[in-house]
Amino acid sequence: MARGAKWKTVLWCVGIAAVVLLLCSKSSPLFVFNDWMDANAFFTMGKSLFSGKVLYRDVFDHKGPVLHLIYGIGFLLDHTGFTGIFLLEIAALAVVLALGLRTASLLAGRSLHPAWVVVPAAGIAASRAFSHGGSAEEFMLPLLAAALYGLLKTLCKKHPMSLPSVLLQGFLAGCALWLKYTVLGFYLGWVLVLTVLYLKRRMYRELAQSCGAYLAGMALATLPWVVYFGIHAALDDWFICYFYDNLFLYSGNGGGPLTLIQHLWWAARDAAPVAVLAALFLVWCLIGRRYAEAGAVLVLGAGLACTSLAGGYYQYYGLIFSVFAPLGLALLAQIAVRLQSRPLAKAAPWLGLGAAFLSCWCLSPNKNLRGRDPDTLPQLRFARTITADPQASLLNYGTLDGGFYTATGLLPRGRYFYISNMPLEEQWTEQNGLLEQGAVTYVVALVDDLAERFPHYRCIDQCSYDGGEGTVTWYLYQRQ
């Protein structure tokens, strides 16, 4: 691809990613503040990482250190808001779209105009699965898109993947492991397909070399974290929080194949545009008898489903399957070629762009939250009171991270700066101990009786609002 064409693709992908995320992500300027509790927990972890605290030892969360690093970079760009995260979301989606376009062009056998990426972009951002903005799944998608492109390229080009490429894929797989390990089924499927392909082509030496390169890449992605946690004597905290707690305390109640099928159905419902585009790809494979490509993608999808949907289910879990959305462009581009002679053919791309952006405006699950008055958000309202006190310290009591650490710019005083969904008695013990000692000057909570339980504090403000999941009331307490 010529340099001019590459820049054209980059500009299209970045521009389209920016527009759809501006309309759909709570991190965008149109939404004033991203109040999603998970995103704020990630932000607090990232802020703590870049403020001298040690992940998992000094501050607790159950997501991987790569995600906290990403949020730490976002914190460096904006200390009390999500502008930095919004820019990183744009970058991540732009990479997904660029790789998706290359994959679709590979399948179609010709270069597709970059305007095509508006179809999967709108399908991803306007779906129910894109329920907030800033999820781990968003930042995982570029890694999966790179793996998907590399595998299908090897399948279509009839020659082995170069060892530097395998090394890179191993490195990206290692990053995925330390971002959110529930996608490992995708990578197990990737390794399985590539192994079968090499064995079928009698590439035994290449297979052995690729195994070594892939494992070396994963080791390169892991080594910095081993050094980081080792230097801070926190290796045990890392493995207990990220693996043991996730596997045995947070994995949900698996219900076997029927539960997996039910969760897969919910994922297809919540990411309906993605499911439609993936189905179009399978139709294209059947029409063109591209059974190898269909089989490879089905193996990846099955592996991803088995490790990401077998436990509990949240609405945003379906977003991870968006990696397959651009594949549907192969059939759409084929149909477009046959319609080129129609009267509206020249206007069709612009009509498509308009329809895509309109769907983002009208169908986004966050559409009713655009343009809120900052005074109606407890995070921003309470922050004005808290930051006026130069000696302020804060505890988010009894619930997930409500975004008050983010809005105030304050660091948490304890390890358990919020209450997770895990049945860990020590998180309650620590938070109650802090309030019994009067160790923080301000407390935010979703209950109105803290003054009765902890006489050091009295309620000085309250604010009810709907963040998209029903009305809740936050209470602000101050130490007396």
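Cβ atoms are placed via backbone N, Cα and C, with glycine included.
Annotated by TrEMBL as transmembrane segment, the relevant range among 8-28, 29-49, 113-133, 134-154 is 113-133.
Here the transmembrane segment (294-313) has long-range neighbours at 144, 148, 151-152, 155, 182-190, 192-193, 251-254, 259-260, 263-264, 266-267, 278, 281-282, 285-286, 320-321, 324, 327, meaning same-chain residues at least 6 beyond its ends whose C-beta is under 8 angstroms from one of its own. Count of Cβ pairs under 8 Å against the transmembrane segment (319-337): among 81-101, 113-133, 266-287, the largest is for 266-287. Simply put, out of 113-133, 185-201, 266-287, 113-133 has the most Cβ pairs sitting under 8 Å from the transmembrane segment (81-101).
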